[in-house]
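Notes follow the structure.
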Amino acid sequence: RLKISRMALVYLCVLCMNTGFGCELRGNFDMPSLFKEGDIMIGGIFPVFNKDVTKYLCRFDLRAFRWAQMMIFAIEEVNTDPALLPNISLGYRILNSCSSPTNTLRAALTLARSQNEKETFSGSSQSLAVAGILGPFQVSYFSTCACLSNRAKYPTFFRTIPSDYFQAKALAALVKHFGWEWIGAIQSDNDYGRNGVLAFKEEVTKFGICIAFVGTVLRTYPQEKILKVVEMIKQSTVKVILAFTPEGDFSPLMREVVKHNITGIQWLASEAWITAPQPSTPEMYRAFGGALGFVVQKMNIPNLNPFLMNINPYRDPSEPFVKDFWEIMVGCKPSSNVSDTGAAKICTGNETLMDYTQDVFFNVSQLRVAYNVYKAVYAIAHALHQLAQIKGKPVCCFDCVPCAEGSIANSTGATECTACPQDYWSNERKDGCIPKTVEFLAYHEPMGVALTAVALLGASLSLLTMIVFIHYRETPVIKASNSELSCFLLFSLFLCFLCPLTFIGKPTVWTCMLRHTAFGVTFALCISCVLGKTIVVVTAFKVVHPNNKPAVGQFGPIQQRIIVCSCTLVQVIICILWLKLNPPFPDRVFKYNSKKIVLECNTGSEVAFYAVLGYIGILSVICLVLAFLARKLPDNFNEAKCITFSMLIFCAVWITFIPAYISSPGKFTVAVEIFAILSSAFGLLISIFAPKCYIILVKPEKNTRKHVMGKK
């Protein structure tokens, strides 16, 4: 059984496209991170730096830095809580995404190299970049894209913020409430913006509201693209515009809107920028003041303020992000290395954050996205805590869950299951591997006994019928039915009845090669004899009297032997080529049942197998057509009628055999093939020879030349 005490991270590596090779780690990403060791590691990815419009520069984002600090704060709270994850410490590794899906993927790959890390992500596009490929579960605090709700595609993705599906419905209801019928839309060129506007359009269309245009923006767009959107706004007559974009992507357009003095627009905002600080500046307020939107739930966390006030670049000079924060907040660079300072003022070391307590960074009464980060950490902590501690038991006790079928845990308290070898299966206790049951159609089982008995019965009846025909070979009935071909046919039926014996028992190299080739050759011989008899009947009854030598001479004994031998020889050649090029062989099949190994004969070549069947089918159809044409020829003992009936049975059996053969699993495939062989052989034996034996043995008074010729 498997003891669950922690969840391990599935390793991820970049695939190397070399045939025959697996995964190969091609290199490491040199990414600075906030790090603290713990029993279980939680990975965090935050847009601490944002790409500017130039594509080359990243600006420090105080709000995202506070999100990262909130994660550290929440983890430290969990570690000091004796009731939550006792005796287990949480650690963290926090990386910068730079609000880029590419950088997010780099960060995720970096985290994936460290075992036992759970992850938190920011925006929708960043989450989408990794949600479908990483093994550990991911909890996002800012990804609202409705597309991430697809549990089949993203089964390990969770979030502490509502889906945009609900925001789109709410924004559409807001537009309807104010009676706006002609609006514009701005979307960011990523999954968040495109999916958000798409959901919004679907909702407002229901209310008969028209969207005049949809502009697209992105923080890395060149200025020409941004100006095109500005012109789109200026030339349109709409007075209400929805901007479904993150703050960073919307910023370039905001600056241009202010620069072009575009006012009088009622802006509708998505949750990503409605509470952002930039639109609230005096410069931006002139154009964007009065924007409406739905905000993320806010929460006050008083204990966070002392934690933020305690940030210090001198505690660990190598700690990333903190120096950038200090430079923006305090206004000096905490570095003694002159080459690192540039034009910035060098700190004296006496600076303190106590002088900046009124800054919005330290306001912990209006926490929105930061509160989602807080909830994400606690969601992970509670999930790990419940994994499974047993309620009412000491914390050292864990629930043990059985390993999956086919795997075992052979030591007490094991945290991983080991897969059994291919030939073995797990026992009921899942603590040991036992050999799989080997299955094949054996002689001693009921089905094998029954099929063997029927096969031997058919072979015995064939021999007895042959003895009867030899003994009464001078009688009119036997003479009329062509005694030589009849004996050939009975001998081939005798071999056909013995064929199933090669199908029963453990498959070996020789039995596998023998069973299919013997079946093909004996049945080809059998149908060749029937074909010869049919041609004789058709030829013989072209005249009224059977003693018409010219008619009979057209297809005499020599021609009969030639047709039988030549038709059989074709099948022999097919079987020789089959055995030479790709012969049948014994095979072990695991697909039918996970607990069994089915021993069966692999045909080697499906083409050859169906060629053998197809050739027998062609002979049967020719025989059936000729016998059908001769069924109404005049006599009291027209053998064509018997042959027609026997061929109908034969064809019906083998037509139904193919779908039954394909759909039957394991040893039942062999049983179906044996059943088809026996059924078709009995059909030929009974249909052709039963009427003759009946007259010879039961009604000898009808075994006369007059009765055979139909004379009264």
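The backbone N, Cα and C atoms fix where each Cβ goes, and this holds for glycine too.
Listed features, source TrEMBL:
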DOMAIN    447-712  domain 'G-protein coupled receptors family 3 profile'
SIGNAL    1-22  signal peptide
TRANSMEM  447-472  transmembrane segment
TRANSMEM  484-505  transmembrane segment
TRANSMEM  517-541  transmembrane segment
TRANSMEM  562-581  transmembrane segment
TRANSMEM  607-630  transmembrane segment
TRANSMEM  642-662  transmembrane segment
TRANSMEM  674-697  transmembrane segment
Exercise for review: Answer with yes or no whether the transmembrane segment (607-630) touches the transmembrane segment (674-697) by the criterion of at least three Cβ pairs under 8 A, sequence separation 6 or more.
Suggested key: no
**Study point:** the transmembrane segment (607-630) versus listed stretches 447-472, 484-505, 517-541, 562-581, 642-662: most Cβ pairs under 8 Å
**Key:** 517-541
Review point. So which residues does the transmembrane segment (642-662) touch in its own chain, when a touch means Cβ under 8 Å and the partner is 6 or more beyond its ends?
Key: 527, 530, 533-534, 537, 613, 616-617, 620-621, 623-624, 627-628, 631, 669, 672-673, 676, 679-680, 683-684, 686-688, 691
**Study point:** Listed stretch, out of 447-472, 517-541, 562-581, that has the most CB pairs under 8 angstroms to the transmembrane segment (484-505)
**Key:** 447-472
